[in-house]
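So that you can see what the record holds, here are the features copied from Swiss-Prot:
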| type | residues | note |
| --- | --- | --- |
| TOPO_DOM | 1-83 | topological domain 'Cytoplasmic' |
| MOD_RES | SER9 | phosphoserine |
| MOD_RES | SER60 | phosphoserine |
| TOPO_DOM | 105-112 | topological domain 'Extracellular' |
| TOPO_DOM | 134-146 | topological domain 'Cytoplasmic' |
| TOPO_DOM | 170-202 | topological domain 'Extracellular' |
| CARBOHYD | ASN175 | N-linked glycosylation site |
| TOPO_DOM | 224-232 | topological domain 'Cytoplasmic' |
| TOPO_DOM | 254-295 | topological domain 'Extracellular' |
| MOD_RES | SER270 | phosphoserine |
| TOPO_DOM | 317-334 | topological domain 'Cytoplasmic' |
| TOPO_DOM | 356-368 | topological domain 'Extracellular' |
| TOPO_DOM | 390-417 | topological domain 'Cytoplasmic' |
| TOPO_DOM | 439-442 | topological domain 'Extracellular' |
| TOPO_DOM | 464-480 | topological domain 'Cytoplasmic' |
| TOPO_DOM | 521-1050 | topological domain 'Cytoplasmic' |
| MOD_RES | SER901 | phosphoserine |
| REGION | 915-943 | region 'Disordered' |
| COMPBIAS | 916-928 | compositional bias 'Polar residues' |
| MOD_RES | SER936 | phosphoserine |
Amino acid sequence: MARLLTKSSQVFDFLADRLSVRKSRRFWETQENLESSTPLLQEPQQSYRSNSFNELPPLSRSVTFAENEQPNEAVKLGTFEGCFIPTTLNVLSILLYLRFPWIIGEAGVLKTLLMLFISYAVGIFTSLSISAICTNGMVRGGGAYYAVSRSIGPELGGSIGLIFYVGQILNTGMNISGFVEPIISIFGKESGTISQFLPEGYWWVFLYTTCVLAMCCILCCLGSAIFAKASNALFVVIILSTISIPISSIFVHPFKDPSLLVHFTGLKWSTLMKNLASAYTENEKGTGYESFKSTFGVFFPATAGLLAGASMSGDLKAPSRSIPKGTISSQATTFLLYLLVILCVGASVTRTGLLLDMDVMEHISLHPLFIISGILSSGAFSSFMGIFGAAKLLQAIARDDLIPGMFFFAKGSSYDDIPYVAIGVTYLITQISLFWDINMLSSMITMTFLLTFGFINLSCFLLRISSTPNFRPTFRYFNRRTTLVGTILSFGVMFYVDRLNAFISFLIAGILVVVIYFTCPPKNWGDVSQGIIYHQLRKYLLQTNKARENIKFWRPQILLLINNPNRSENVIRFCNSLKKGSLYILGHVIVSDDFQASMDDLRKQQRLWHQFVLDRGIKAFVELTIAPDEVWGIRGLISSAGLGGIRPNIAVLTFINTNYRRHRIYSGSSFSLENTSEESESDSKKEFVEHDILPVKWVQILEDMLVGSVDVMVTNGFDRLNWPKRKGEKQYIDMFPIHRISGVGSEVNESTPTFATNFETYTMVFQLSWILHTASDWKQGCRLRLITLVEFENEIEAERESMHQMLETFRIKADVVVLCLAAMNLDAYRYIVKNEHVRPSKSSELENLLKDDSWWQEEKKRRGNTVDSLGPIRFPRRMSGYNFRSASFDKSAPPLSVPLSFRLGPHMHSVKSFETESSFGNRSLSPKQENRRTYSDSTIESSLMPNVVREDSSSDRLAPKKKIGRDYSKEKLTFNDLSSRSQYIIMNEIVLKHTKNTSVLFTVLPAPLADTHKSFRKSEEYVDDLLIFMEGLPPCALIHSKSLTITTAL
């Protein structure tokens, strides 16, 4: 018999190999939709670990080592004995003998056949899916769990593996209970038919099942070789026992035994017609009647053993070939056997015998030993297979280190890797399941197996629709429709049979997913969700190219350009709070003239930056580039960052590190440049590449940003940022929206220049301040506050009312603080504007600050010509058509930035841009105003702008005609007549007095004139002007915008 089985297995393998190489075409697809097929990946050579192991990515080393370290010297099994026989024997369940007659009597032949077709439809679709997954690469121990977890990730794969482990244990308990039932019916003291010597009773039966379970565990400890030898003999017994049922219906003479309630008619059409329909009886608990759902829950486990061969993957010679061949062949074989049994039993036994006689199979057989041997063989094999397969599965899960504390179960024997510890644990859990009866166990098994089958089909479906190039299984008989139908069918049947238990099963699976997600160390297995996300992301990114962004859905998309992330962590976190769930990119330039030599450094920096982002929980992308200098590198980042319609609209530049020079800008002044940068040398981290940058480069970068399409923000002082606290004194997010008017008029017609009101920047200050305030930490610990300036006291109330009206229009809730220059005791304002005495130290400080200001030097000359140098001076107001700088000063020394012009009521003048004879003439850095707008509603700005701004909007107001022969000595000097540096000094003093509790200050970035970067002196003076304004202030965010971001439209 053994030689016959060996020859049979050889013939089976030969035929299976021949069939597998045939070029067949799937009947459900057209020629162009055939799945791609590639040769199976070869097993790794012995030298792979020594030669290639050290070249693997760091994340995959531990996983690869754990998988490769297991011994491979044990005897491996072929397709027939390793997959076909286990699957066939596991499918031909003990339920065939113990519960099939009862199911046929309750549901009838037709509905029993329907159960058969539904069960095998689930089984066939699952077999196709698991075959496709297993033939896409090398399969190791763990079977279906290994294949699924490597396909859809450790979280979902691990939860499925644990649920399937529980299902196998419950199936083992059911088979052991079924194994003991015929023993009691044959040898029980009360119900024994052959001999009466075994005591009966609940605890006696429990003792018998415990002994059977212990014997199975002992056999499992002997290894898979013993299992293979035993399975061959058991296979012959079970096949003969199953075939004896239809043969008995033909050759056994009809009989009727009233004592046994059996009426055997032989094969008769009349008997089949009577048993065709269902006739449900009262259930065992007496709470209702049996139904299709309840009987299907008992029937399904009889067909659910299709993964038995896959569970033996660690003991197969070629799992990728054996699993699909053995599984599908076994499914076809067992389906035919079940079909014959249902038809023959339904056509030969009356309904009374089917319902009342649980041993009817034994009574109608040619000889009772056929059925008894089949029950004992099926129960023994299924019990052994369940324990051994479940233990191997637990061992595989433990070796993957998905849940802490399971490493103990990963141990195996030194020769053939027998999981002794896992077998012991499986024994204990199975022992607990023996307290339940067969019907309850079968219903729970149905839930666990259907859930496992559903997720196997789902994982294969996701792999197919992800269109991943590396998913090209050699098994060709599947497509996305078969996997989708298998998924829907599995989950649908699951909820149809028992909604409550199905929901509980999904809930347990979800809990396991969460647990594994938080406890499992990183795995380099890949995740099908990566392919799905990529596919969907690409589709939606293409759609963003078609849609034009509407101002109503504007949100900040930030590109933060930084040098060293360790020293700029505060500004990184600040921008992370500011992004409002949108795009956030960290950009960095590696300066190098040799691109190829810098690639290793680029890879190292990419790892460091990504690790930095992960460790800090920053939701940002990292974009690094190599360039000959910072200017070209940042140009490349700004022009290429983002993808599709998702591109940065705000470029954030940290303020220049002034450590390139080690001297003060003026002696004896409190304004020091040595420590003004938010990056401190002591905080540097040598693992990040960083470069000091000169003012000309920094200003050139800023000019490039200003002429581009993105808005600009410059940050300074964030190393001193005090993060808001939920408890304690409230801090402020201050808005200081200096409204600047830049003159861009033509030299040809100076009497009527064109003025561009930078209303976009004005509104951007409000928008970003409000967005920051919506972040949870900032909302709890900060309040919004608007700071605005007037020069005279009679303008305070009008300005406050105007600001409240504007905030209401913008739908922003904030405190309003109106500061009056004339009413405050400001040393700088008194000294510069009013020409009053101040402290000698203060006057010396101011003189040092203004010593290079040509306007101030001319002003001092004029003051020296006045009669009373201590009183207020008379000074001509600056007129728009009068080129004050050109008339009074050297044209070769133009200002480095357009002076700020405040809207301070009727006393305010607009200052025309200083004109120069430089190469750029009067060229503006920003695109023309009309080209910046994203819509054509010209009334929005006028409705949102403060009244004082609207009053000055006409050319007559902004550009009064020149009056020849005017007496300028009678004019009062006002804030608007000052040079830009003088205004910075006064603003610094007044803002500094009112920002003691300020966390962040949002204000306007004064733009440099075009080509300022071409002169080192001009660039340095521009940087100095900004430093003078920001000296001692809280962290500042200086903004320059070219597009409107606030709308009142619905």
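Note that Cβ sites are derived from N, Cα and C of the backbone, with glycine treated the same way.
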Position of peak Cβ density within 10 Å, selected from the recorded positions ASN175, SER270: ASN175
Alpha-carbon spacing, ASN175 (N-linked glycosylation site) to SER270 (phosphoserine), which is rounded to whole Å: 35
Spatial neighbours of the topological domain 'Extracellular' (254-295) far in sequence, C-beta under 8 Å, 6+ residues away: 103-111, 115, 343-344, 346-357, 360, 363-364, 439, 496-498
DSSP-derived helix, strand and coil totals, residue by residue, for the topological domain 'Cytoplasmic' (134-146): 4 helix, 0 strand, 9 coil
Structural state census, the topological domain 'Extracellular' (254-295) (DSSP three-state): 10 helix, 8 strand, 24 coil
For the topological domain 'Cytoplasmic' (317-334), the mean pLDDT of the predicted model: 88
